[in-house]
Amino acid sequence: MSGDAKWQKCNSLLPQDSKNLEGSSHENVEQDASWIAVDPLQRNSAHLHRVVDNIDPPSFYDSRYDIILRRQRNRPRDGGGLKSTTVPSRFLNLSGKFEFAGWGSFSQFTLDAEERNAGESCVRSARDAKVLGQFTASALAGNAVLGSVFYALPAVVAVSSIYSPISLFIATMTLFLWRPIMAELGSALPITGAPYSYILNVSTKSFALVGAALLLLDYVSTSVVSAATAAAYLSGEVNLPFPSFLGGIKESARLALASLSFHVGTMIVLMVASAIHWGNIGNDQLRKNWVSNQASSTSKVARHIFDGWCLGMLGLTGFECIPAYIARIKPGALPLVFRNLHYPAIVSNTLIMIMVLAIVPMEGILQADNVLSVLAQTSAGRWLRVWIVVDAIIVLCGGVLTGILSACELFQKLTNDRVLPQVFIHPFPFSRSPYVSVLSFAAFSGVIYATTGASLVIMSKMFSLVWLSVMALFPISLLLLKFNRGRLPRTPTIPVSVVIVTLAVVPTIFAGNIAIDPITSGYFSAYFVGIVMLFSITQKKAHLLRCIYWTYDQYPMLHGWNATNFGLRRKPVCILAKSDEISYLMRMILYVQKNEETSFLKIVHFAEEEKGIPSELQANARILDEAFPEITIDLLIIHNAFDPSNVAALAHKLQIPPSLMFMSCPGSAFSYSVADFGTRIITL
């Protein structure tokens, strides 16, 4: 059955009074309308049902053999024109373009060789980017994870006293709850920008922007705390005025691996030297610290351990940065990366804390931000102290750059999703780095550090709240993935009970951190709300202009902004439709209407020869185009196979980022990974 047959006009089949069905108030619309017929299924001629002779409505069984009449608004043959409705615009002094979009169009074509080559090049580049093995991938986040020992220990010992080793051990063991969750998410959605990208694929964009705000605050905290701690170690040797500016070098995986190797070697030397010194002096200092700082009751002991557990999570900061560059990690290496960083974090945090208590008096521990350099001085002398200071500066600068790299990945993702302007991904001519992203991140970090009074204690405590909030996004994302995108193939698959337990742990530790110092929750809330508001404004630019127009509609001087609003909403997005079911198409369009600032939508169907074009796709696309007067809905039929290279070729042809091409959730029988397409999943 041809497409032309479905769209033939059937005025002869209409009742004579059809033009009076909607009353005089709809007269203009009816004059601009026509009727179309969708051909019925064919059956034996002996049982033909004559529409003109039948008075009663057909039965459910016979209805599929009747001609279906659908009223269609007349539209320009080449598309365009405004979809005028009987409901007037609320903006009386503005052009109709402000609220109504043009009619959609229908086209079909085959991707040419040049476009297919461009698509294959994009797919090949994405696959070639997976260059990080388990050790180089571990090194990028390892500087932040293993470098956290420099700032986690002073914060923990301040609240947990002699029970700090117990608290740190419990805190580091807690990460065993998160590792399988993060591995399952990484297997299902191996795309950059996580957990923002996770939430974007399993929930709404508004919720994803909340996650992006937490991520940005986490990356800033990582860099600021690392830089401030390095400055604290350096100021133990020379006097530094505020602010302290740290220089850095461009980070790469190999450089990060060299830095991390140097840090691991330094920690081994420190532990060996401390163990030798401990053996020489015996347990006198440990016994003295224990006796003079022992809690008076069991409840106070439990409170000390609990408070130390809450702040001890600082010793794990950096793990949340790993999914930010997961698209560059070789397949199967992600669980190994978690293992490579988790076990050293357990050993270094716990053992070094025990050695600090066994060698350094408690008064010296509480008065020093550079507690490891004090341990080195006491254990082996000046030479090891200088070594520790050099190591602290190197590895903490690596932590600063880890935060910068993760933030740049996030900015790139937000720019591709049209949350941030394109200037954020403009490369610097010489280094090709996104200089606007780097400068913006550095400026924001400086503002946050200055507003806390350059206090490392406040930053560390706030960092713990931020980190916990970010880590909460992973079990939430997995729970939503299991419910909303359960068909996505992934390994391993963990029980829901593990996710629930992990979610229960987060508010417990969060409340404990607030109880330790309620002021830090105020800093956290202020920064978080500010970033969310900024992202919301950049995402809802057209909505903001609509509010301004509605309020000041009587002032003609503001009407010149109409072109600005129209331009903002004319950037197209795509939905990749595999079915012609109108409910399926409606759900996808409603998602776009709710989550994207656009009035231009393209429904794309890849028609393979053996399957053909779904019979009702064109008819339903026209109905939906009329049902949404504020959105132009085009239908594109692509006579190519649905695979990553052809989707990338179409993105190149239409100049639409793959991240703004939406599709339904693939099943286990699908031949490709979601990461191969770079598209967003918006339905089950």
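Keep in mind that glycine also has a Cβ here, set from the backbone N, Cα and C atoms.
From the options 207-235, 642-670, the stretch TrEMBL describes as transmembrane segment is 207-235. Residues 146, 149, 152-154, 156-158, 161-162, 164-165, 168-169, 171-173, 267, 270-271, 274-275, 277-278, 281, 283, 285-286, 288-290, 292-293, 312, 315, 372, 374-375, 378-379 of the same chain, all 6+ positions outside the transmembrane segment (346-366), place their C-beta atoms under 8 angstroms from a C-beta of that stretch. Taking Cβ pairs closer than 8 Å, the transmembrane segment (493-516) reaches residues 159, 174, 177-178, 180-181, 184, 306-307, 309-311, 313, 461, 464-465, 468-469, 471-472, 474-476, 478-479, 482 in its own chain, all 6 or more past its ends.
Of the candidate ranges 207-235, 255-278, 386-408, 464-481, 207-235 has the most C-beta pairs within less than 8 angstroms of the transmembrane segment (435-458). Put simply, of 207-235, 255-278, 386-408, 522-538, the stretch with the most CB pairs closer than 8 A to the transmembrane segment (464-481) is 207-235.
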